[in-house]
Amino acid sequence: MGEPPRRPRELFLAGLAAAYLAAFVSLYLQIPGLYGRDGILPARRVLRLSGKGLWEQLRDVPTLLWLGPQLGLDTEQGMELLCLLGAVASMGALLCAPLRDCLLFAVLRVFYLSLYQVGQVFLYFQWDSLLLEAGFLAVLVAPLRLFKWRSTAWRPHDSVTFWLVRWLLFRLMFASGVVKLTSRCPTWWGLTALTYHYETQCIPTPAAWYAHQLPVWFQKFSVVATYVIEIAVPLLFFMPIRRLRLFAFYCQVLLQILIILTGNYNFFNALTIVLAFSLLDEEHMGRWMGRGKRKHGSSAWPPTLLSFLSTLLELATYALLLYWSVHYFSLEIDWEKGLLESKVAFTYHEFTQWLRAVTLPLVGLGFLSLSWEILSALYRCACVRGFFWKLWATLQWAVFATATVGMFAISLVPFTYIDYESNGKLWPGIHQMFSAVERFQVVNSYGLFRRMTGVGGRPEVVLEGSYDKQSWTEIEFMYKPGNVSAAPAVVAPHQPRLDWQMWFAALAHHSSSPWFASFVHRLLQGKEDVIRLVQVDEDKYPFSTQPPVYLRAQLYKYWFTHSAESGAGAAQWWRRQHVQEFFPTVSVGDPTLDGLLAQHGLKDKLPLKRPVDAFLPWLLSSVRQLSRPFSPHVVLWSLYVVAATTCLLRAMARRPRGGAPPTRHKAPKQPRGDQGEKNGQLRRKEGREAEERGEGRSRGAADGEGPRGTKRRK
């Protein structure tokens, strides 16, 4: 029945720890400017004392920050403490395998959920929800290593809980592909979305400029490939043929790497690759590590009937995938022009009819795949040696299989949002279960890049400050486009959340972004924490010595320059055109500004006094001072370099040294027949005793775990 996914599981847990590290550190470096008492959206507004008991407060807003006052901390300091503890714990889990424990991942998940509850608009991104859901699954997937009385190399039910990660990946990718068509966006239906995407995404990379120069026919073909990878290929996640699953894995990795190269999407794409590790198996991971196991007789000829049928089905799947792509996107090579033509060959009505027809069958496909994993795990439990350990394994299987089925059932509600008719056919009890856990972000709906914005030019808000209303100076951000001569930044896995919200603000009227008035107000006040969100380097902020008296915001349209536009002067990455005023000229005390602040409850109130002699606030302040001189993305890169260097040095230390064989053993002695027989009997006896103590493996498990334990005892 196959091996439990021990190595893929460890890779998933390590990758998730790396994503948590990016999330905690990135947010920590932005807390004062975003959520501090002098920040844009002070977090204390969310947690208002109302006279309720602690449990009632936790029920309404589940966050550990309610406990802050008992530690002498306000809401901002509580957020900093959670981020620091989360960063330390995630770094430990990344570097040390024994720390990848279900209890530690439960703590990380509670920490991030606590931050999410007060994060307001700056934490309302799909990757934050994805991290919370993946973090909850990690609690089920990770072993309990707190007790060392039994080996935790693998558990018979590991493949059951790990299947939920695959199901999450399927929901993420399939929904992301489907919503592009259900949104009726003309660019996605016309296959021209990528001709706009590279220059209109929030924070492009320098590689995006070069990708934007690619010919239109290639951009359209890239959209077709995106549809195939996001809609068709995810169906292979549940195929019984492992080579099809590996093909699906590498397709997903290719797509995510290309997105990473051309856009700054923080930890999102890396986290998606981490989820894709659920498609791997022990054999393939062993080949990655140079420890592949040879299957005797695997190269025998002629092949067995099962192997032949498997290969035939695999080839048929590839052929069907190719036919589906050519037929439904009218792929045709124009030999005279030397290009590949493509267009959508189906209508919106036909697509919605197809989606309605396949949504519930896809649920059935997922249920069948999960049922197979559950039965396979039960078989492995039956193969465990020793009555007590067999009973213990079966009890664990029952608990985790029930939890997995429950998670699968709850996830059907957000998954079927892609077709509301199918959503209405779900059992009412499933909707009730989902409503009960919805505020805990256990499962979520997904669907990225639903509509392509910026058609006709990328809208961009440019802030300008002045002392006299006559001469205006632009305020340039660290990351988002502004100066047309400045190259696009590379900041991932850091997410500059203010820059992202500036991108959303430019898509509508400023009244749709209430935080913007507070942002302008803080700049007029010269609040250092908010200024650091714009520029860490004071020399690059034009009003570092004295705050501006007046501020206004202009709306521009930005476009990437073309390669033919490069001249003899300084290279320009962008060209822009003024559109209109985005935010009127205001100053401190301006009635317009005060009215906007009062309308959204953002007017300054007398904050609570902080204790000055408490140890914990002093410690948090000291740590904050250490991070101030550095840019956030540099801090994150440095932490990852430290982690990578540590892992590399550890791997080099574990690698066996080459060179001449040791001289103390002249030659391996050949045991006499009777002595060799006694040694063999002794080894078999030790193996049986180990299995009876719980060290035993299922009969269907791979060889290789037991001998390691024997070597340690020797």
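Just so you know, glycine gets a Cβ as well, placed from its N, Cα and C.
As the structure is a computational prediction, the values presented were derived from the model and not from experiment.
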Exercise. Between 127-147, 358-378, which stretch does Swiss-Prot give the note transmembrane segment?
Worked result: 358-378
Problem set entry | Contact call for the transmembrane segment (304-324) and the transmembrane segment (221-241): at least 3 Cβ pairs under 8 Å, seq gap 6+ | yes
Exercise. Who are the chain neighbours of the transmembrane segment (221-241) in space, where the CB to CB distance is under 8 Å and they lie at least 6 residues beyond its ends?
Worked result: 166, 169-170, 173-174, 176-178, 180, 188, 191-194, 247-248, 251-252, 254-255, 279, 310, 313-314, 317, 321, 324-325, 329, 331, 340, 342, 362, 365-366, 368-369, 372
Problem set entry | Interface present between the transmembrane segment (257-277) and the transmembrane segment (11-31) (three or more C-beta pairs under 8 A) | yes
Exercise. So what's near the transmembrane segment (358-378) in sequence-distant terms, Cβ-Cβ under 8 Å and 6+ beyond its ends?
Worked result: 1-2, 4, 156-160, 163, 167, 170, 174, 235, 238, 240, 394, 397, 401, 404-405, 408, 412, 415-416, 418-419, 422, 425
